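Here is the structure we will look at.
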Amino acid sequence: MKRLLILGSTGSIGTQALDVVKRAPEQFEIVGLSAGSNHLPLVQQAIERGVKRIALTDPDAAARAGENWTGGEVLSGPEGLVQLVAESGADLVLNSIVGSAGLGPTIVALTERMDVALANKESLVVGGELVTALAEATGARLIPIDSEHTAIHHLLTGEPPGVVDKLVITASGGPFRGRKDLTGITVEDALNHPTWRMGGKITIDSATLMNKGLEVMEAHHLFGTPYDKIDVVVHPQSIIHAMVQLCDGSTKAHMGYPDMRVAIGYALHHPDRADLPIKPLDLVELGQLTFEAPDLETFPCLRLAREAAVAGGTAPCALNAANEVAVHAFLNGRLPFTGIPQVIAGVLDELGSRRVHDFEALYVTDAEAREIAAELIESVHA
Ligand SMILES: NC(=O)C1=CN([C@@H]2O[C@H](COP(=O)(O)OP(=O)(O)OC[C@H]3O[C@@H](n4cnc5c(N)ncnc54)[C@H](OP(=O)(O)O)[C@@H]3O)[C@@H](O)[C@H]2O)C=CC1
Ligand SMILES: CC(=O)[C@@H](O)[C@H](O)COP(=O)(O)O
Ligand SMILES: [Mn+2]
C-alpha cells in the first residue's frame, strides 16, 4: 500500500486524483490533504476518506476548518503546509497546487526523499535546475502529471540514452485558435477551453499559449532535452498528447481522449498501471487528426516563454510570476486579455536575468516581478 499525500486536493487535478484513488482503495492510504482557502470541501474530503491531517494555507480558512471539524488536525498557513509535507511519511506526494506556491512543498518533499507526482509545472518553470538537482541528490523521483509530459515519460520508457532527436509537445491552440485579433475577449470566452476542463489559471494559460511555453520548460527540466530539440505543434483535437522522434527515423506518439485521469493514474500507480473506465480510442469515429504551426505573432506568450527559457537564470521565475499576476488581473476584470503578454514583457524588460545560486534568489525575484507586474497593471487600469 502506498502512503499518499495530496496537495491541492480541492482543485481540478486534486479531485480527479481522489477519483483515481477511489478505484483502487486497497493500494493507497491517504495521509494528508491540503487546499488554499476552500475549507468546507477539504473537510468533506477528509471525512469521506478517513484522513486525519489537513492543511489550509489561508489562516482564516484553517481556523474555520478547525471550528467545523474535530476528526483530526488542521495545520495553518504556508508553514502548516510545509509541516504537513515534512511530517507525512508519505511514499508519494501528489503536488497539484496551482502557481509558484507549489515550489516550497516540492522542495520539502524532495528534501525528505519522497517521490513527487508533479502536476505543479510551475515548480519546474521557476526552479527547474535546483529542483532536479535536489531530486538527483536525494534520489527522490519526479513523475510528471501533465498530459504531454506523462506521454513523453511513457514514450521514453525502455529507450536507451542518446536516441531521441526531438520531443514534440502538442497544443490544442485554445479557444482563440485561428483568430488574428484578440481585442475584446471576455473572461467567459477565455475560460471556454475546447478540449479540457481545468482550473481557471491553466485554462487562461492555454488560451494565451503560455501553457505551452511553461510546458517546454517543464519538458527541458524533466527529460534534460535542449530547448532547440523541443517542438510545439498545434493539434486541435488533443488526441495525440506528445511524440518522440528517434534517431532511426521513427516517431512514437502517445494517444487517447483528453482525460487527465490517465496521466494521474500513470503517476500514482507507476511503475504499475491503473485500471480506469476510460473509453478506448476509436480512430474511425474521429475520422481525422489535424496539425498546424503555432501563431507566435497573435499569441506572443509562447515566444516570451521560449526567450525567458533560453535566457535562463531568474528570467523564467520572473516570467512565471508576471504571468500569474496578469492572469489573476484578467480574471478579475482589471486587465484586458491582450494586456497579459504586455505585462510579462514589461517585467522581463525591467528585471532581465540574473544567476540563480539558491532558492532564496528565486523567492526574491518572484516578489520583485509581482510588484512590477502589479504597477504595470495599475498603470493600464488607471
Ligand atoms: N487541471 C488540469 O487538467 C491540469 C493541471 N495542471 C497543473 O496542475 C496544477 C493544478 O491545476 P488545477 O488543478 O487545474 O488548479 P485548480 O485551481 O483547480 O486547483 C488548485 C489547487 O491548489 C490550491 N491552492 C490555490 N492556491 C494555493 C496556495 N497559494 N497555496 C496552497 N494551495 C493553493 C487550491 O485550493 P482552493 O480550492 O482552496 O483554492 C486547489 O486545491 C497547476 O500547476 C496546473 O498547471 C497540469 C495539467 C493539467
Ligand atoms: C491537460 C493538460 O495537460 C493541459 O496542460 C493541456 O495541455 C491544456 O491544453 P492546451 O494544449 O490548450 O494548453
Ligand atoms: Mn499539459
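Quick reminder: no glycine exception, Cβ is built from N, Cα and C everywhere.
Annotated NADPH-binding residues in TrEMBL are Thr10, Gly11, Ser12, Ile13, Gly36, Asn38, Asn120, Glu122, and among Gly184, Gly199, Gly200 the one listed with them is Gly199. The Mn(2+) site recorded in TrEMBL comprises Asp146, Glu148 together with one of Glu73, Glu79, Glu87, Glu215, namely Glu215. What TrEMBL records for the 1-deoxy-D-xylulose 5-phosphate site is Lys121, Ser147, Glu148, Ser172, Ser206, Asn211, Lys212, Glu215, and among His154, His193, His269 the residue it adds there is His193.
Fewest Cβ neighbours within 10 Å among the binding-site residues Gly36, Gly199: that distinction goes to Gly199.
In terms of C-alpha distance, the listed binding-site residues Ser12, Gly36, Asp146 place Asp146 closest to Lys121 (1-deoxy-D-xylulose 5-phosphate binding site).
For the domain '1-deoxy-D-xylulose 5-phosphate reductoisomerase N-terminal' (4-128), the predicted model reports an average pLDDT of 98.
Cβ-based crowding with a 10 Å cutoff singles out Lys121 as the top-ranked of the binding-site residues Lys121, His193. Across the structure, Glu148 (1-deoxy-D-xylulose 5-phosphate binding site) and Ser12 (NADPH binding site) place their CA atoms 17 angstrom apart.
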